[in-house]
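First the structure, in the form of structure tokens, and then the observations on it.
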Amino acid sequence: MEPARRDVLAVTPWLAPIVWTGTFDPTIIDGAVKHQNITIATTVFAVAKYIRFLQDFLETAEKHYMVGLNVHFYIFTDQPNAVPTNVTMAAGRRVSVIKVPKFSRWQEISMRRMEFIQKAIEVDISHQANYIFCVDVDMQFHSRVGAEILGRLVAVLNPWLHKENRDSFNYERRAASTACIPLGKGDFYYAGGFFGGAVGEVHSLVKACRANLEADRAVGMEARCHEESHVNRYLLTNKPTKVLSPEYIWDEELGSGGPEIQVIRYATVRKNMKEVRENF
Ligand code: UD2
């Protein structure tokens, strides 16, 4: 049998698949998963002005994200009353709202997600779901994101850096940070805005990242790309069992992305940082 894609890396050096269009058959995957009756928790934070992104996130998720499967969205927000109630959810899909504080720095809002996801897994999600995916809210689904992403520990290639050499990655390089990955080390640069897997695996990831964020804070360090740096450090030791191509976290500022990007599935919404961020 011919490999489906010759133009891209479709398997990691530790033999995890890298999911690109053409490397999987959606019909076969859907057929294999349908009878399992699994539930996929999906966490999304919409704090402060980022609440404005939630409506489109949910509407596009209903069109393209895990269609036909049980999905439990956990929306973390400081404004529970502003969570849209007019998005029609298909059977088997629902929303829970969890109130979180609004921190004064956007970096803090982003980093503290680790702590809140850890707690939510312990209190609720571990009893409710088989898989969990943790995603950014300032994003929209444009095409299928389905059962092909399921795996024990799943990470996504950052679209800005997927063709770069490891020494050009945005890793934290300072040895004093628990997120440090020195030059010459590293596999890929993964996005902070989309990771997931089996609930127990993701619990280990967020718990470790939270502990390392707190250890850094205690010595006055903040990693270069916040919790994303810690996720990358964790995944260097704990290799993902499945890697998603940048189709799954595209940034339209990169244009159509060249011939290897055949489908854009989930992409960042252009945002005016000055307007939406608490501190800029
Ligand atoms: C990247 C990552 C992001 C995070 C960040 C750390 C992607 C697509 N994004 O995005 O996950 O690792 O780098 O530097 O890989 N949020 C709020 N309210 C705020 C600020 C943030 O709810 O006021 C939440 C929201 O869910 C948002 C997420 O935190 O999507 C990350 O913030 P961002 O999208 O502004 O971070 P960005 O674009 O630098």
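The backbone N, Cα and C atoms fix where each Cβ goes, glycine too.
What TrEMBL says about a protein is an automatic prediction, not a curated fact.
Annotation source TrEMBL lists UDP-N-acetyl-alpha-D-galactosamine binding site at F45, A46, V47, Y50, D136, V137, D138. According to DSSP, F45 (UDP-N-acetyl-alpha-D-galactosamine binding site) sits within a strand segment. The number of other CB atoms found within 10 A of the CB of F45 (UDP-N-acetyl-alpha-D-galactosamine binding site), across every protein chain shown, is 25.
Within 10 Å of the Cβ of D136 (UDP-N-acetyl-alpha-D-galactosamine binding site) there are 21 other Cβ atoms, across all protein chains. Residues annotated as Mn(2+) binding site in TrEMBL: D136, D138.
What TrEMBL records for E228 is active site, nucleophile. Just so you know, the Cβ of E228 (active site, nucleophile) picks up 24 other Cβ atoms within 10 Å once every protein chain is counted. E228 (active site, nucleophile) carries a helical DSSP state (H, G or I).
Under a cutoff of 8 A between CB atoms, and with a sequence separation of 6+ in the same chain, the neighbours of Y50 (UDP-N-acetyl-alpha-D-galactosamine binding site) are I109, V137, D138, V276.
If you measure from the Cα atom of F45 (UDP-N-acetyl-alpha-D-galactosamine binding site) to that of E228 (active site, nucleophile), you get 15 Å.
E228 (active site, nucleophile) and D136 (UDP-N-acetyl-alpha-D-galactosamine binding site) have their C-alpha atoms 12 Å apart, to the nearest angstrom. Those residues noted as binding UDP-N-acetyl-alpha-D-galactosamine (F45, A46, V47, Y50, D136, V137, D138) have their most widely separated CA atoms at a distance of 11 Å.
Of all Cβ atoms in the shown protein chains, 22 besides its own fall within 10 Å of the Cβ of V47 (UDP-N-acetyl-alpha-D-galactosamine binding site).
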